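This report refers to the structure that appears directly beneath it.
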Amino acid sequence: MADRMRSFFKGEVLTYAYLLLYIALSSGQIFFNKWVLSSKEINFPYPLGLTLLHMVFSSVLCFLLTKVFKILKVEEGMTVEIYVTSVMPIGAMFAMTLWLGNTAYMYISVSFAQMLKAIMPVAVFILGVAAGLEVMSGRMLLIMSVISFGVLVASYGEINISWIGVVYQMGGVVGEALRLIFMEIFVKRKGLKLNPISLMYYVSPCSALCLFVPWIFLEKSKMEENSSWNFPLLVLTLNSLCTFALNLSVFLVITHTSALTIRVAGVVKDWVVVLLSAIIFADTKLTPINLAGYAIAIAGVAAYNNHKLKKEVSKGNSDEPESSQPILTAASSNSDN
């Protein structure tokens, strides 16, 4: 009996430790990227180049861990046909999400960017309806309306709003929504199950390639001409390593928790980012209208997550969400890169 109790408490402690690690890394990565891109801090105003570095670093590290040192295992079943028709579109949308999301940090505050991300379920649902994956209902229409209203209220309460930043952030939201839809169409329906490590292994090189092409035309010449920016090697390495560690933390959370738990952790992380950013960054000024609108939006997001979870369980696919849904969460976390 004592051994069982000891084992139970040990498991509980590990679970909470993994959740705290995920929340800390996910929040920290957002602040880290903002700090690096800010002209008042590190002054590396090249979000495309920063995101490209993340993907190259992730590709190399995944290869070393899975093929050279063989510490982690890549899921089998990937074919050239699946990679070209499924992984590449997902990688392209992932690259778009990271690029536009990081660019938005140069124009709007971290807290406001996080508030705008709350509109994600609305974008996913609308695209899902268009793709035939979702069915419009009165309940879902109400949930989407609540989320949209909350985001509008939060935007109305923003003091220093930059519409360029809003456009970039919403572009990132659309890219992430398309990626989630592609995951549903191209991967889940083909019965291909990928854990986060496998997903990084296959998607990172494709995303790096998709980022490399626009980087040549949009930022390469600027980086060569402008010598005022500074990016120490140590900062570069730590920033990229933090990105990779974030994905590993999600892998641990997936293994030791449920789909509902990681969704709740995601909501907690969002609030942590919004509140801490007001303390850390001078350009963040929260207003009561900001917070009220975000609270309304988060309530809608919670209702959406609850609805989706019940739907998944009712279909008898309770194992499916815990293996595939957190993959989407992992990449969503990465969109903070």
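Yeah, the Cβs are placed from backbone N, Cα and C, and that goes for glycine too.
As annotated by TrEMBL, transmembrane segment applies to 12-32 (among others). Sequence-distant contacts of the transmembrane segment (12-32) (same chain, at least 6 residues past either end, Cβ-Cβ under 8 Å): 110, 114, 238-239, 242-243, 245-246, 249-250, 252-253, 256-257, 261-262, 265, 268-269, 272-273, 276-277, 280, 333, 336-337.
Marked as domain 'Sugar phosphate transporter' by TrEMBL: 18-305.
Sequence annotations record features per position, and here TrEMBL assigns transmembrane segment to 44-66 (among others).
Residues or ranges marked as transmembrane segment in TrEMBL: 78-100 (among others).
Under the heading transmembrane segment, TrEMBL lists 112-133 (among others).
Marked as transmembrane segment by TrEMBL: 140-157 (among others). Residues 112, 115-116, 118-119, 121-122, 125-126, 134, 166, 287-301, 303-304, 307 of the same chain sit 6 or more residues outside the transmembrane segment (140-157) yet have a Cβ under 8 Å from a Cβ within it.
Taken from TrEMBL, the feature transmembrane segment applies to 163-187 (among others).
What TrEMBL lists as transmembrane segment is 199-217 (among others).
Distant neighbours of the transmembrane segment (229-253): 18-19, 21-22, 25-26, 28-29, 32-33, 36, 42-46, 50, 53-54, 57-58, 61, 195-197, 200, 223, 261-262, 265, 326, 329-330, 333-334, 337; these residues of the same chain sit at least 6 beyond its ends, with a Cβ under 8 Å from one of its Cβ atoms. If you look up TrEMBL, you'll see 229-253 (among others) marked as transmembrane segment.
TrEMBL lists 260-282 (among others) with the feature transmembrane segment. Below 8 angstroms of C-beta separation, residues 15, 19, 22-23, 26-27, 30-31, 34, 40, 109-111, 114-115, 117-118, 250, 253-254, 291, 294, 298, 301-302, 305, 309, 325-326, 329, 332-333 of the same chain, each at least six residues beyond the ends of the transmembrane segment (260-282), sit close to that stretch.
The transmembrane segment annotation in TrEMBL covers 288-305 (among others). Listed by sequence, the residues of this chain that lie at least six past the ends of the transmembrane segment (288-305) yet keep a Cβ under 8 A from its Cβ atoms are 111-112, 115, 118-121, 125, 143-144, 146-147, 149-158, 260, 263, 267, 270-271, 274.
What TrEMBL records for 312-337 is region 'Disordered'.
TrEMBL lists 323-337 with the feature compositional bias 'Polar residues'.
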Give the mean pLDDT for the domain 'Sugar phosphate transporter' (18-305) on the 0 to 100 scale. 88
Contact between the transmembrane segment (112-133) and the transmembrane segment (199-217) is defined here as three or more C-beta pairs under 8 Å separated by at least 6 residues; is that satisfied? no
Highest-contact recorded stretch vs the transmembrane segment (44-66), from 78-100, 112-133, 163-187, CB pairs under 8 Å: 78-100
